[in-house]
Amino acid sequence: MLLDKLSVLSFLGLAPIFAAAQLSGSVGPLTSASTKAATKTCNVLDYGAKADKSTDLGAPLASAFADCKSGGLVYVPSGDYALSTWARLSGGEAWALQIDGIIYRTGTDGGNMIYIEHSSDFELFSSTSEGAMQGLGYEFHADDNWSGPRLLRLYEVTDFSVHDFILVDSPSFHFSLDTCTNGEIYNMAIRGGNHGGLDGIDVWSNNIWVHDVEVTNKDECVTVKGPSKNILIESIYCNWSGGCGMGSFGSDTNVSDITYRNIYTWSSNNMMLIKSNGGSGFVENVLLENFIGHGNAYSLDIDSYWASMSAVDGDGVQLSNITVKNWKGTEAYGAERGPVKVVCADGAPCYDITIEDFAMWTEEGDSQWYSCESAYGSGYCLQDSDDHVSYSVTTSTVSSAPSGYSATSMAADLTTDFGSTVSIPIPTIPTSFYPGATPYSALMANSASTAAASSIASHATVHSSSASVAASVPSAVAPSESIPAATSAVVSSAAAIAPSPAVGAQEGSTTSAPSFAAPSGAGNSPQGPTGASGFGEKGQQGEQGEQGEQGEQGVCYV
């Protein structure tokens, strides 16, 4: 239900310390949704919207935003809405978008169905954890059209969160974070078709925390593109997906301080793919920790000659200081696609690569291989030398399982994909994303009849788990799941004590944001990440849309 500004009280969230060294500062909105609603509430029904699944929501949503963009809450109540003209919501400050209804795509234009740009102190959420966008992408895909609209894109948004929201069956990408800063994404379910080009979450931004998200598709699960810095991605459930990755990378790559932690991958193309083909620049300071996989084609796949993208001019992207730690589980067929593949550019050999506590075994057959090229560091086929010169592919084959490879499975592992030419049902958001890990924030719908408010603090305070408010109740008590156990703390000028996350917490160091240079060409928006040709299109109003990746289309390796 709509936030009752008279009965719902905000609380000051005790946020985690910088959740890992990869976060450089606070994430999440600066004020709670209840505070914004108390300032002003703009209900789309008052602007001409109708929950009849046929009246266009586009104009009412834009009008409601215009009235609340300077401080307030835009409210889409429960019900079924049609969106035939896309909503470009630009220039908001201290505002929230509460979508408790389901928005169905009825238009056919390209671009982005909901595009939020140049905003600060922003929150998008569903108080029922059931709000959704249904892209009905199968209507495009049945005609072999893979370049329809994206569902949701944020561009140059600062101090924000998106949570308790569902994205289904996008004609193209589902969710893009483009040149954003200080954001938190959590408690989401994304379900797309079984085909390349239907990315789950793509991030090219600075100081972003993505956690507790499930993705089903056959391309990117949660992927970092360039330029990016200070990105923490954890508790991700790639449930019959393409898998998590980084790239594809081309010229002038600038990516650093990236952590993937607690990643569960089932029946996907890979557990982690770092991809490029030529190009220049660097990827450095990467931690890939606590991965569990079953039934995937590839496990660790670092490929600097990735054949699914056209070669880019340059000696190659320089990869360095990458740690792969605590990987368990099984791959589909290790004799055909081994669990360790580290192929670096001959013109830019990678170095300081560490693979430790890594135990994977094949589900089919009785052997598997490890393969390296121009790769230096420690573990498996990596060469240990200070002379980082190129060398040819070296492959070793083993015929006995490593000790300790056995790993648990998730009860919700899908038994089949959803295809790409029939309607995909809207899922519920799960309450478990990685075996044994409790989500950082309870679903708003499951908050024990409480209202979890966003942290209210100065920008210097570390924010996190920034759930706004759920059902109307006389008082608000934070759900126990929303605040991890305290281990150490940072005290801000507001004297807020910040417990750290339960896994691998450490104090983060503040670093400068990467430079996001505007490209030449139409419009003033930035150039998106460079990818293989296939699914990108020019966006709206002169926007230079990011180029999509073709991926391994329709491939299922199990």
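Every residue, even glycine, has its Cβ placed from backbone N, Cα and C.
The annotation signal peptide is assigned in Swiss-Prot to 1-21 on the grounds of sequence analysis.
Here the Cβ of C42 (disulfide bond) has 22 other Cβ atoms within 10 Å, regardless of which shown protein chain they belong to. Per Swiss-Prot, disulfide bond is recorded for C42-C68 (among others).
According to DSSP, C238 (disulfide bond) is assigned to a strand segment. Positions annotated as disulfide bond by Swiss-Prot, on the basis of similarity to another entry: C221-C238 (among others).
Sequence-distant neighbours of H294 (active site) (same chain, 6+ apart, CB under 8 A from its CB) are T265, W266, S267, G329, T330, E363, A407, S409, D413. The secondary structure of H294 (active site), as reduced to three states from DSSP, is extended strand. Under the heading active site, Swiss-Prot lists H294, citing similarity to another entry as support.
In three-state terms derived from DSSP, C344 (disulfide bond) belongs to neither a helical nor a strand segment and is classed as coil. Counting every protein chain shown, the Cβ of C344 (disulfide bond) has 30 other Cβ atoms within 10 Å. According to Swiss-Prot, the disulfide bond annotation covers C344-C350 (among others).
Residues within less than 8 Å, Cβ to Cβ, of C372 (disulfide bond) and separated from it by at least 6 positions along the same chain comprise V340, K341, V342, V343, Y380, C381, L382, Q383, V393, T394. Summarising the annotation, Swiss-Prot assigns disulfide bond to C372-C381 (among others) and lists similarity to another entry as the type of evidence.
The compositional bias 'Low complexity' feature in Swiss-Prot is assigned to 503-526.
Under the heading region 'Disordered', Swiss-Prot lists 503-558.
The Cα atom of C344 (disulfide bond) lies nearest to that of C221, taking the disulfide-bonded residues C42, C68, C221, C238 as the candidates. Mapped onto three states, the DSSP output places C68 (disulfide bond) in helix.
Annotation: C221 carries the greatest number of neighbouring Cβ atoms among the disulfide-bonded residues C68, C221, C238, C350, C381 [cut-off 10 Å, Cβ to Cβ]. Here the candidates are the disulfide-bonded residues C42, C68, C221, C238. The one whose C-alpha lies nearest to that of C350 (disulfide bond) is C221.
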